[in-house]
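Annotated active site per TrEMBL: C168, H247, H355, H359, H388, N392, in sequence order. Annotation source TrEMBL lists compositional bias 'Low complexity' at 327-338. Sequence annotations record features per position, and here TrEMBL assigns domain 'FAE' to 23-309. Sequence annotations record features per position, and here TrEMBL assigns domain 'Beta-ketoacyl-[acyl-carrier-protein] synthase III C-terminal' to 353-434. What TrEMBL lists as region 'Disordered' is 315-341. The feature transmembrane segment is assigned by TrEMBL to 6-23.
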Amino acid sequence: MEIVVLLYSLPLLYFIFIIWKRYQTRRDQHCYILDYQCYKPTDDRKLNTEFCGELIRRTKNLGLIEYKFLLKAIVSAGIGEQTYAPRIIFDGREDSPTIADGISEMEEFFFDSVGRLLRRNGISPSQIDVLVVNVSMLSTVPSLSSRIINHYKMREDIKVYNLTGMGCSASLISVDIVRNVFKSCQNKLAVVVTSESLSPNWYSGNDRSMILSNCLFRSGGCAILLTNKRSLQHKSMFRLKCLVRTHHGARDESYGCCLQTEDDQGRLGFHLAKNLPKAATRAFVDNLRIIAPKILPIRELLRFMAVWIYWKTTTSPKSSKKGSNRSVSPNSAVTSSSQAPVKPPVIDFRTGVDHFCIHTGGKAVIDGIGVNLDLSPYDLEPARMTLHRFGNTSASSLWYVLGYMEAKKRLKKGDRVFMISFGAGFKCNSCLWEVVRDLNGGEENVWNDDIDEYPPESLTNPFMEKFGWIQDEDPSTFKMPL
């Protein structure tokens with residue numbers, strides 16, 4: 001009888017074992033951020049108003065039209081006077097960059113931030129199992145990842161990934177690579193290194209679609225330490241909940257809106273097309289369609305569906321068009337309700353998200369996301385302040401925004417942080433992090449020296465005050481003062 005009971009219980013025990021095994025395997029597949037270190041260049045690399053004026057004056061290919069365009073662009077960009085540029089700019093050699101300039105710029109960041117990150121966590125370089133490096137506009141032989149491995153003398157069997165050309169959304173692509181490695185490998189440590197090399201890519205021509213990048217992009221970088229070790233869960237800062245990548249490279253208009261190319265005179269630069277906002281919006285909407293069901297509660301999804309169906313059935317295209325094109329008489333103080341435009345319903349992402357970590361692609365990018373997601377000034381503050389203090393540091397900008405939240409002591413255990421990034425290709429990548437423990441800002445937080453000054457009373461930079469006289473100049477008589 002006991003043998004019969006044993007035989008009948010074996011399938012049940014085997015089934016329980018399989019369930020337990022799958023549960024343990026899934027636990028080991030979690031992706032945690034142990035720590036991260038944003039790079040803060042030295043003060044002698046700051047781009048203040050005076051130096052920007054000098055830099056523009058020595059660019060011989062610019063005329064009054066370009067000066068007016070530059071002034072308008074930088075005044076409206078939301079960037080302050082404390083952002084950083086590569087050393088080649090301060091040496092006056094931006095017209096003749098070398099490969100050594102780009103490598104030197106990257107190594108200065110690599111050896112500072114990666115070293116700080118490992119020392120602070122008591123981790124030897126030989127303990128790193130995975131290394132992912134993303135720098136879009138600099139490709140060298142040996143690769144940048146090999147230079148890091150050589151400097152820190154990492155192991156021979158380390159898994160290495162070196163990404164180029166992935167644009168401002170590359171850091172989340174790097175995290176996705178690490179996440180997929182963690183799915184098949186247990187008890188691993190990974191380092192993601194994300195930055196951009198501006199030294200060989202500073203544009204010195206007069207093509208306005210390429211001048212714009214000089215007004216937005218600034219030096220920076222971040223090193224991120226990740227793990228799936230169960231023993232380190234209590235020490236970690238964030239746990240990855242989900243990550244979604246959207247790529248519109250098959251659409252010609254999206255593919256061509258951000259290009260590293262040469263102008264008519266053969267000068268290398270980064271072209272930003274006029275249809276960039278449209279391409280970004282399309283990628284953003286498609287990305288939200290996929291990630292929203294993953295991060296929002298069912299009640300909000302049902303509410304939005306019901307409101308959207310009601311709006312769709314009660315609003316005719318004719319009345320919506322009439323409302324959107326209405327004109328208001330200057331003598332009328334109030335517009336009748338029949339003339340008001342009927343706005344489509346908006347899904348409330350704040351029901352599933354506590355903090356929004358938005359890529360600092362520019363003031364228009366941040367404001368556009370704010371409008372589309374119906375976010376408050378509080379939600380947009382970290383991105384706006386990061387843009388003002390550090391500029392657009394490409395793929396690393398998300399981590400400066402996250403550092404601002406941490407320095408302001410906003411991140412509490414259980415909070416959910418939604419990251420949104422855009423990149424050439426055209427791509428929109430997003431992910432959701434869960435805060436594992438209360439974060440009060442570390443000793444080496446990149447914001448420590450400035451956090452008490454933010455947010456300032458005004459984000460207006462002094463460029464218009466100093467160079468506004470250019471707007472009144474006559475093209476026929478204009479001459480740039482020395």
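Each residue, glycine too, has its Cβ placed from N, Cα and C.
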H247, H355, H359, H388 as active-site residues, winner by CB count within 10 A: H359
Active-site residues clustered about H359 (active site) [Cα within 10 Å; pool: C168, H247, H388]: C168
CB contacts for C168 (active site) [other CB atoms within 10 A, all chains]: 28
Spatial separation of H355 (active site) from H247 (active site) - C-alpha basis, Å: 25
Whole-number mean of pLDDT values that fall within the domain 'FAE' (23-309): 91
Whole-number Å value for how far N392 (active site) lies from H355 (active site) (Cα to Cα): 20
